[in-house]
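Among the features that TrEMBL reports, Mg(2+) binding site is placed at S38, E108, H136. According to TrEMBL, the feature ATP binding site maps to R264, D278.
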Amino acid sequence: EFCMCVCVRIRACVCGSTCAFTEQILRSYGFRTGFYSSPHLVQVRERIRINGQPISKDLFSKYFWQVYGPLDETKGDQGGSMPAYFRFLTILAFHVFLQEKVDVALVEVGIGGAFDCTNVIRKPWVCGVSSLGIDHTQILGDTIEKIAWQKGGIFKLGVPAFTVRQPEDAMAVLRDRATEIGCPLWVCPELDTYQTDSGPLSLGLAGRHQRSNASLALQLSHTWLQKRCGTFTDPENRSRSQAPSFHLSPIMVKGLANTEWPGRTQTLKHGTVTYFLDGAHTMRSMQACVEWFRETAARHERSGSGPAARVLLFNATGERDSAAMLKLLQPCQFDFAVFCPNITEAIASCNADQQNFNVSVENMLTRCLDNERSWHLHNNRGEDNATSLFIGDRLSLVPEKMADTLVFPCILSALQWVTQGRDPVLTGPQNTVLPVKPSITAKAAPLCEAAEIHVLVTGSLHLVGGVLKHLDLESAK
């Protein structure tokens, strides 16, 4: 039984952030931590972490077969079948945490909560719900109230739960769910109400939206530590639903400052090219991304060596409203907008960890073309005036009829065109330099003339993962 768990259900683009803050705090206290999250960016092993690090290939292989073998042997006993991908990984993660004897396991729920397979944990020590957004509507419902009902499904009888400030309708549903289940629910205070001995708090994750995630993480870790030490005060004895702030220990302050979570408000500088990576893929998370990028890019430009060209690299998947997200990105004043599918390379050796076998290449490219069309409509430009950015004849993924589009067939080709040879990582021996049509080379003049190039990669965590696969060679090993 996983009574050690901190169970967290929060919006997909930042839920890992709250878990990451909490894990870093508890690990800083010296506890051995397990952390299960999704999706992965580069390697599937990232989903299962021990003491903050993805489990090794050897451990993953060892525990994989320990779980797969018995399941496969017994799958027909009751007319059943092997668990699906996410369910199998969830079982594997629980097995790893037990075998590795972690002190605390932080479990990020996959989609929803009430019917998510991670919700088999009967009595976690504490639960958390972060800022709710509209996402996965085909599964969770198309209103914030329906989504809040699903998210509140992780509440458990007598188990303290915390949330952040929510829209009024969503908060009402969460409170009703908590009352129905018998779960004490508390709203986290603002981050600046916590007391410290070292002045204002510094967060390892950028963006103002991370402040509510950090406050939630403080309440989760504080509650777990109190329960661990036997000093926890039953929240049911408190007279109000506002969780109190408290004095932060130096370890908590250090934990917040040292937190890292790749692909979420992450900045990578490779010479004169700076990449701003954020896997935002909902309206609320994209608003936060835009605010972070405008502030951070402006700061880089003020201290830069000269004028910077701004480039958007975008893709979105599933039923998400990419046109609405692209509209939010308009104020960023990009010089170029580039679209590509979540295909790392247009070659057969593409990493299987980053392939989507449920969607055809044709469908992915069609979605990219739709995104390109939406961008031009937002910019009051007709399709006939579209700027052609297209890879040359050696790549056959894009049909000839798509030649006049702002779409690249893979992430590598898009990155190589955007950076124009300025990032040696992309032109190294491990990568084939992909040719472009001569007419397209001329289109890149603003990129060549700019002192620096700033690239915002957003719209999909899978896109961000594909970019990191090329930019951070260690993560791909």
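Using N, Cα and C of the backbone, Cβ positions are placed for all residues, glycine too.
Note that TrEMBL annotation is computational and uncurated.
Distribution of TrEMBL features across the structure.
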residue	record	Cβ within 10 Å
S38	Mg(2+) binding site	20
E108	Mg(2+) binding site	21
R264	ATP binding site	28
D278	ATP binding site	28
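Here the C-alpha separation of S38 (Mg(2+) binding site) and D278 (ATP binding site) works out to 15 Å. For the pair E108 (Mg(2+) binding site) and R264 (ATP binding site), the Cα-Cα distance reads 16 Å.
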